[in-house]
Each structure stands twice: as C-alpha cells, then as structure tokens.
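Here is the structure we will look at, set down as structure tokens.
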Amino acid sequence: MTRRLSRETLIKWAPLLVLIALVIFFTALNPTFFSLRNFARIAIAAAPALMVAVGVTFIIVMGSIDLSMEGTVSMTAVSFAFIFAQLGGSLGGLGWVAIPLVLVLGGLIGVLNGLVHVKLKIPSFMASLAMGFVGTGAAILLTGGDIVKVSDAAFRGLLTVRWLGFPLMVYIAAFFLFAGWFIQTHTTLGRNFYAVGGGEDLAHASGLNVTRVRVTGFALAGVFYAIAAILVVARIGQAESVTGANFMFVSITSVVVGGVALWGGIGGVWNALVGVLIVNVIDNGMVVIGLPDFLQDGVLGLLVILAVVLSTDRKMVSFVK
Amino acid sequence: MSTFIKDFIERETVSRRNFLFAAAAGMGAAAMPGLLGSGNARAALTDPAIAWSYRDRASAYWNSVVSGGEAFVESLGRPKSALVSLINEGSTEKSLADIKAFLAKNNGNCAIACDANDSPNARPVVEAVQAAGAYISTIWNKTDDLHPWDFGDNYVSHMTWSDEKPAEETARILFEAMGGEGGVVHLGGIAANNPAVERLAGLKNALKDFPKIELLDAQPADWDTQKGAALMASFLTRYGDKIKGVHCANDNIAYGVIEALRAEGIENMPIVAYDGNPEAVQMVMDGQLLATVFTNPHWGGGISAALAYHAAIGTFKPSEEPKEHREFYGPTILVTAKDAAEFKAKYLDSVPAYDWKDFWGPSNGQIQYKA
C-alpha cells in the first residue's frame, strides 16, 4: 500500500521534478541561465502560451480536445487591434473597452465551437480544427494579410513596466492562472469537467447536462485564448493573421508534458503551468547553453517524450491509441 | 478463416480482374488522341486561363506578388478575378495537385506563374505543365539542375533573387554603425530555405572586411516575429552586453527583435532587416532600423504571369531568347535612412504602373550557380 502511494506521489510531482532538473542542468552549463533577467525573459515568452494552455486544459480534462486555438488567437488578436484603434487607440481613453469586448468575442467563438461539436455530433478534434481554420480565414479577411500595429505606450506598459523584475503582463497571466485554478476547484462547472472526463456515461446517468458542460467548457477556453491574444499583442506590439501560429503545438505539448492525461479526468491548471514552463525553459536553455540549432528540434522532441514518460501513470492505461 | 479476410480476398480478386479490363480500355483511350493528332503540338494558345500558385494570403509579401499578377490581368482588360489563385498553404503536395487540377480543368490552355514551395517540386510541376501543353514561369524554388531551356517553350522562365549581395550590403551598414567593432548576432529564416542561407552568407562575406567584428551566434527564427522575440531574449541572456548589433534575415524577425529589446529597456541598438515591407520602411524612416532590402514583389508577381501569358499566346518564343532571359535575378533595392522617404513615395504610397511587356528591364542578370 505504501509503495503504491509513493509511486502515485512521484508521478504526480514528476513534471515539477523534470522542470527543476532542467533548470539545474542549464544552470550548470551556463550560470547566467539562473538569473532574474532570464527568468523574466522566459516568463514573457511563456505568458501567452500559458493562457492558451490553461484554456485547453479544461477541454482535455473533459476528455475532448480543442485545436481551434491558432485561429481563435489570430482572430481575437486582430479584432482587438482593430477595435482598440477604432476606440481611439489609447488605454487612457476608450481603448480599454476593447479588452472586455474581445474576451466576449473569444467566448462566443468558443460557444460556436462547442455547439458545432455537440449539436452536429462532430468529434471535438475535427470540429475545433475546422473552427480554427475559419478563425484564421476570418483574420486574413479582416487584415488582408497586413500587420496591424498597436503602439499605445500605456498598453505596451504591459511589457515595458516592470514590478519586482517582471513585466506587468506576467502578473496578468498569473492572475488568470489563479482564476483558472479557482474555476477548476471551487465551482460546480470545474468539478463537472472532471465528472465528464472521468466517466461521461456515469455523469450523464447522474443527471448532469453533459452537453451544457461541454459548450460552457469551450466558451471558457475561448475566453482564455482571447486573453492570450491580448498578451501576444502586448508582447510584440502587432496583430496579424499568423499571430496564433505555433500555439497549437506549444499548448498541447505543454499540457501533456505537464501531466494532464489526454483521455480526460486527470490533471489541471498547475500541470499546464509546469508544462508551459518546461517547454519554454527548454527553448530558452538550448540557446543559452549554445546548443547547435540543428540539434534543437531533435532535443526538444526527445525531452518531450522523456517528460511524458516520467509524468504519466502508464500502468493505469491498458492501451494507447 | 474470418469472414473479414475471406471477403477481402474475394473483393481483391474481383477488383484485379476489373482493373485489367479498365487498364486495357484506358490504354486504348489514351492511344486514340495520338492517332488523331497530338494535342501537345499547339504552337500558341488563345485566351489562356491565368493562375498564380503561391503559399498564402497571410503575408504582405505574397499579397504584393498577387497584386502584381492582378495588375497584369487588368492590363489585358480582364477583371482581377481572371487571375486564379492556387494557394498551397506551404504544402508541396497541394501545390502540385492544384496545378494538375488547373491544367485538367482548362485542358492545358493555361499560363501559370508559380513558386513551387520547395526546390524538388519544381520538376514535377514543370513536367506536368509541359505534358499538358501549357506555359509556366517560376520564381524562387527550383533545383540547380532544372533549366527552362531543357523544356522547349513550355517552361518560359525562372526568376529568383540573389540575397547574398544585398545582405552583405546591409551587414556593412550595420558594422559601420557599430563603429567597426563588437559582437553581432544573426537571426535567420527557416534553416533549409535558400534565402536564409544566402542572407547569412552575405553577412559572413562582410565580416571578412571587419576583423574587429565578432559573429557571436547565428540561429534560425523561422521568419517569425514571436520566434524572433524569444530568440533575441535568449541571446541577451547568453551574450548580454557583448551584443552591439543585430542582423535579421527578414523584417518580421526584426519586429520581434525590436520588441525583445524594448522589454529590456534597450534602445538605439543597430539593427538591419530584409524585405522592404511598409512597416519596416517606416521604421527605417523613424530610425528604429538602419536598413532593409526591397525585392519588388509586385513587379515579380506581374512579370512572371506576363511572361507565361505572352509566351503562351506567341508574343515571343522562349526558345529563341538568350539564356539570361530564361533564368534571371529579380531587382533588389537597398532602403536606408537617407532614401527611405523617397523610396516610400515612389513604391509604397502609390504603386508604379509597369509596362508588362518590358519583361527583362528591371531584372538583374543571369542566374549564376555555385560550382
């Protein structure tokens, strides 16, 4: 009994141990890795990806998958830039209104995503992927392929103003991470995600409106993608139809590396955080230790496999598909 | 034996017999046009359908290429929509499949301009076009052993841009701004892309004349703004104050570099870029960038379509043209602080009207291959 318990504990903490091991490894090879300035750099790169990962965590916990993040991030980023400019282009003026509007837009895209999935009974994989393409297409339509600049100094303060060494955007991401944790542990909705992911038939038989939980989950994910979009614009000062590119790989990898099981019911936002940090620490660390660029992709792949091997309880899985 | 396997064997046996019948019928059908006279021997086409096969609409570069193609079809008195977009989305398979479908739909009566997405794909694309009796001009991607003159008239021309010399010039501007000494980092394109290779080679050429400049690191940022920002941040951790200048493989990467530096409160870092996008030209005017290079994609897009079209309708006969008219470099214009305003007024604020029959005027000489 105790042996079983310790094994479970080990697996639960494995992603964090992997993260700590990576930090020690990179620091040993180049001590400048372990500095506040570098951690701030990693945090800046990780903040938007973390929001996407938290959003998709809810969906994966439900046992579904959401691949619409690239389109949704592009679409909401471009919409934000346009609305912000339309309302005066300054956070001091009416520009702030663009933020809640874009969060609502993200939620609506999520609702649509969820409805396509549950009403048309299309697997979430396909429904969300398709909706993602629609989002990217809409972003191209809006921009005509051009870049939309957001250079308001107050808004860019999210990147340029620091507090205890970290830019404000990092604190915003941390705040919404806690919001995600609160939803996950202290709301009925959060518990329902686990009920659906742990055993959908049982949840349904217990009188849970699974359809509504799923649609709400996708809406919530959409809101987090919109937060990610706003943070990306804060980070690079521009929005375009490829703003969301790469977020699918980074977020899904992070969530899985962090120990959220793709078959649902296991893991949560802290796993997403650790996973995003692992991926970003690897990205940053490989450059900082001077690993040749042609090795970087291969090493990233190997480390991802290693992290998943260490952090999932494969004894519980009878077969993998 | 399970029924599944039994059914499978039965079905395969039947379908093999059907296949043999179908093959016999097909060969007969294929021989018929040959007996009735080849369809491929057409000397010139009348009113061919015009298409541009390219990557996507999500970048200023390809939009500009397409706008050139549209300007050309409008010069023929046709609507913009007469230019068919074959968008490959970065997929080589889709590039070839779309072109084959376009050839089939128009029965070979086509003039196509194309970037084949990757070098090896240019050969099957050109062979498909020749087999259908259509005409094609390519840009950027082709292997060194593939030449228009080996395909008679159907492979009209290939244009590419030699990025080595302009990238060397931007590097010199960068090094002079750095006072001829200090460390420099290079943020490159996707490692295997030809322009990425050439732009780094240009930087290395310039280094030979500046012994006190040290190339600290060169890594790919995949032409991407966010990757550029993250890579620059990592470089700052590794090299810190040693970085005195930044050489970027394109404008998008430079935007990311500027933001990564902004986050650290670093201003006035000498940076050079490439592509001459409107935002980058504005940054040159504002002093955020030292230089960028314009390759006139609008003209490239228009002239590639024009070459294929005019060869197709018989305005000129490609096989009678000299080699420098079959394989040539496109124009490159260096944009620096002192000429940025003039450049912007001439090329960006209003698009110049080009003579689409002046096929080779702005071009830059025959393509040279390295041994």
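Quick reminder: no glycine exception, Cβ is built from N, Cα and C everywhere.
Listed in TrEMBL:
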- A:12-30: transmembrane segment (TRANSMEM)
- A:42-65: transmembrane segment (TRANSMEM)
- A:71-87: transmembrane segment (TRANSMEM)
- A:94-116: transmembrane segment (TRANSMEM)
- A:122-142: transmembrane segment (TRANSMEM)
- A:163-183: transmembrane segment (TRANSMEM)
- A:218-237: transmembrane segment (TRANSMEM)
- A:249-282: transmembrane segment (TRANSMEM)
- A:294-312: transmembrane segment (TRANSMEM)
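Residues 257-259, 271, 274-275, 277-278, 281-282, 285, 288-290, 303, 306-307, 310-311 of the same chain, all 6+ positions outside the transmembrane segment (A:12-30), place their C-beta atoms under 8 angstroms from a C-beta of that stretch. Long-range contacts of the transmembrane segment (A:163-183) within the same chain, counting only residues at least 6 positions beyond its ends with a Cβ under 8 Å from a Cβ of the stretch, are 36-37, 39-40, 43-44, 46-48, 50-51, 54, 57-58, 157, 189-190, 220, 224, 227, 231, 234-235, 268-270, 272-273. Comparison of A:122-142, A:218-237, A:294-312 by number of C-beta pairs under 8 angstroms to the transmembrane segment (A:42-65) places A:218-237 first.
Note on the transmembrane segment (A:249-282): residues 11-12, 14-16, 18-19, 22-23, 26, 42, 45-46, 49-50, 52-57, 60-65, 67, 69, 177, 180-181, 184-185, 194, 196-199, 299-300, 303-304, 307-308, 311-312, 317 of its chain, located 6 or more positions outside it, place their CB under 8 angstroms from a CB of the stretch. A Cβ distance under 8 Å defines the sequence-distant neighbours of the transmembrane segment (A:122-142), meaning residues of its chain 6+ beyond its ends; these are 59, 64-72, 74-75, 77-79, 82, 109, 112-113, 116, 214, 218, 240-241, 243-244, 248.
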